[in-house]
Structure formats: C-alpha cells, structure tokens
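Accompanying notes for the structure given below.
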Amino acid sequence: MADYILVVDDEEAVRSVIAESLRRDGFEVREACDGQDALEQVVADPPSLIVMDVLMPHLDGFSLCRTIRQMPEPFNRVPIIMVTALDTHLGQQMGREVGADLYLTKPFSPRELRQRVRELLATRQTCERSAD
C-alpha cells in the first residue's frame, strides 16, 4: 500500500483546496476527478487513505466506497472519509452502510479534516502493528 492520500472530487476548486490543505500538513496527495478515475488509481496503487465526495459523475461516492469495501485486501482496508454537501441523516447513514470511516458535511474546516486524517491513519497503523 502506497503512502499517499487520494482526494476525489469532481469540482476542481474543492479538490484543490482539500489537496493543498493536506500537502501543507506534510502529506503526499494524489487527485482524481471522479469515481472511475479514483477506482483505477486505487487498483493500480492503493492509497493510505481516501477523501471522497459523494456526488460525482460516472461513479458516485457511495458506489465507489461500496466497490472498494468489496475488493480483496489490502484494498478493502483503506480508510475512507466521505465529504459532501448532503447534510442529511440519511446520507450519513448510507455512508456508514457502504463502509465509510467518517462522513464530513461541507463546508468543513480544513483543520478538522487534517485532524481526522491523522486520527484515521494512526488507528490504521496501530491495527496493522497489532496484526503483525
């Protein structure tokens, strides 16, 4: 599994803001413009974590998350943060049902996102060490 974060959003401005915020915090970041592009990148080189929008063309975030969770290891263990403008209980519930680790509603604080990313990566590393 590669040591990078994949940011997936069809809106270039949003994707760039998220990616730059994570880069400023020292993370290597790669970007995908839609769910299909993201899936291809995940298969080619699984990231350490994915930050994805929900509403995207070709393959929406819920479908992408579900697809990744149905893949074999190591793909299905990648932590996933869903970010969306859909501020509904149903959306959050669907995110959990398809396997998202965290669901953030836009607008959100870049600082909060970076903190959540660090927490999920630390949890993943702890789990991997205890599995060894």
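Please read every residue number as a count from 1 along the shown chain.
Backbone N, Cα and C define each Cβ position, glycine as well.
Summarising the annotation, TrEMBL assigns domain 'Response regulatory' to 4-121.
Cβ-based neighbour count (10 Å, all protein chains) for Asp53 (4-aspartylphosphate) stands at 25. Look at Asp53 (4-aspartylphosphate): DSSP puts it in a strand. The 4-aspartylphosphate feature in TrEMBL is assigned to Asp53.
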Under DSSP, the domain 'Response regulatory' (4-121) has how many residues in helix, strand and coil?
-> 57 helix, 22 strand, 39 coil
Taking every residue in the domain 'Response regulatory' (4-121), what is their average pLDDT?
-> 93
